Amino acid sequence: MVEYLPSTPRYLKVPLIILNVILWLLGLVLVIIGGICVGFFSRFKELQEVGGVSESIKSISVSLPAGVLSIGIFFMVLTVAGCIVAYKEKMVGLVFYTILMLVLLVVLIGIGGEALTYHNADIGIEIEDNWKNISYSNQSVVIKKLEQFFECCCFDESDLKLNCTALCPQDDQKNILYNGTFCYDVIFGAVNSKLYLVGSAGVAIGVIELVSLMFALFLIVRLYKSNSYR
C-alpha cells in the first residue's frame, strides 16, 4: 500500500487541511442545529417535570440536542488542531488527532442513528399519551404553555369531545386562538423535521470525517517512512 502514496507529505496534508476546513464549517452547522434543537426540544422538558414521560421523550428533550451541540463544539476545536498538526507535519499530534476523530465518528454515528430511529418511530403517540394525561390533571398549565409556543389548539380531533378548548390560547377579548390547528400535526411535523435534519447531518459529516481519517492515516505512514516528523 505504501508505494502508492505520494512521495512527499505535501500532497497528503493539503487535502487533509482542506477537509478539516470543511469539517470546521460543518461543525459550525452542528452547533447551530444543536442550539435550535436545544431551544425547541426544551419545551418537552416541562412534560418531563410533571412526571410520567417515556424514555424516548426524555432522550429527545435533553440528551439528543445537548449531544449534537457538544459534538459541534468539539468538532470545531478538533478540526483547528487537525489543520495545525497537518501543516506542521507533527506525527504525534496526527496520531492523537486520528484517535479523537475516530472516537468522535463513533459518537456521531450513534447520535445520527438515534435521531433517525426516533424519526422513524411513532414518537407522536408517546407525546399524545403524556399530553392527554397532563391535560386533565392539576398540571394543565403546562399544556397551555405548549399550545402557546406551538400556536395550536387541542391535541387532535378526539380532544374536541372533552372540551379541550378551555386550555387553548386566547386573545384579549377571550376569543380562542389557533382553533382548528391541532397540536399533533404541528408538533409531529416539527419534531420529525428536526430529527431528520440531525440524522442526515450526522451521516453526511460522518462520511467526510471518514475520508479525513484516511488522509490522516496515509500522512502518518508517509511521515514515518520519510522520517520527516519531528
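Including glycine, each Cβ sits where the backbone N, Cα and C put it.
The feature N-linked glycosylation site is assigned by Swiss-Prot to ASN133 (among others), with sequence analysis given as support. Within 10 Å of the Cβ of ASN133 (N-linked glycosylation site) there are 15 other Cβ atoms, across all protein chains.
Summarising the annotation, Swiss-Prot assigns N-linked glycosylation site to ASN138 (among others).
Its Cβ taken as reference, ASN163 (N-linked glycosylation site) is surrounded by 10 other Cβ atoms within 10 Å in the chains shown. The feature N-linked glycosylation site is assigned by Swiss-Prot to ASN163 (among others), with sequence analysis given as support.
Annotated N-linked glycosylation site per Swiss-Prot: ASN179 (among others), in sequence order, evidence recorded as sequence analysis. In the three-state DSSP reading, ASN179 (N-linked glycosylation site) counts as coil. ASN179 (N-linked glycosylation site) is surrounded by 14 other CB atoms, counting those within 10 A of its CB over all protein chains shown.
If you look up Swiss-Prot, you'll see 1-20 (among others) marked as topological domain 'Cytoplasmic'.
What Swiss-Prot lists as topological domain 'Extracellular' is 42-65 (among others).
Per Swiss-Prot, topological domain 'Cytoplasmic' is recorded for 87-90 (among others), and the stated evidence type is sequence analysis. In the predicted model, the topological domain 'Cytoplasmic' (87-90) shows an average pLDDT of 84.
Under the heading topological domain 'Extracellular', Swiss-Prot lists 112-200 (among others), citing sequence analysis as support.
What Swiss-Prot lists as topological domain 'Cytoplasmic' is 222-230 (among others).
Through the fold, the transmembrane segment (21-41) approaches residues 60-62, 64-76, 79-80, 82-83, 190, 194, 197-198, 201, 204-205, 208-209, 212 of its own chain, all at least 6 residues removed from its boundaries and within a Cβ separation under 8 Å. Annotation comment: Swiss-Prot describes 21-41 (among others) as transmembrane segment.
Residues annotated as transmembrane segment in Swiss-Prot, with sequence analysis given as evidence: 66-86 (among others).
According to Swiss-Prot, the feature transmembrane segment maps to 91-111 (among others), an assignment based on sequence analysis.
Residues annotated as transmembrane segment in Swiss-Prot, with sequence analysis given as evidence: 201-221 (among others).
Proximity of distant same-chain residues to the transmembrane segment (91-111), defined by a Cβ-Cβ separation under 8 Å and at least 6 residues beyond the stretch ends, is recorded for 64, 67-68, 71, 74-75, 78, 81-82, 84-85, 198, 202-203, 205-206, 209-210, 212-213, 216-217, 219-220, 223-224, 229-230. A Cα-Cα distance of 12 Å separates ASN179 (N-linked glycosylation site) from ASN163 (N-linked glycosylation site). Tertiary proximity for the transmembrane segment (201-221) is limited to same-chain residues at least six positions away from its ends with a CB under 8 Å from its CB atoms, namely 1-2, 5, 9, 12-13, 15-16, 19-20, 22-23, 26-27, 29-30, 33, 75, 82, 86, 89, 91, 94-95, 97-98, 101-102, 104-105, 108-109, 111-113, 115.
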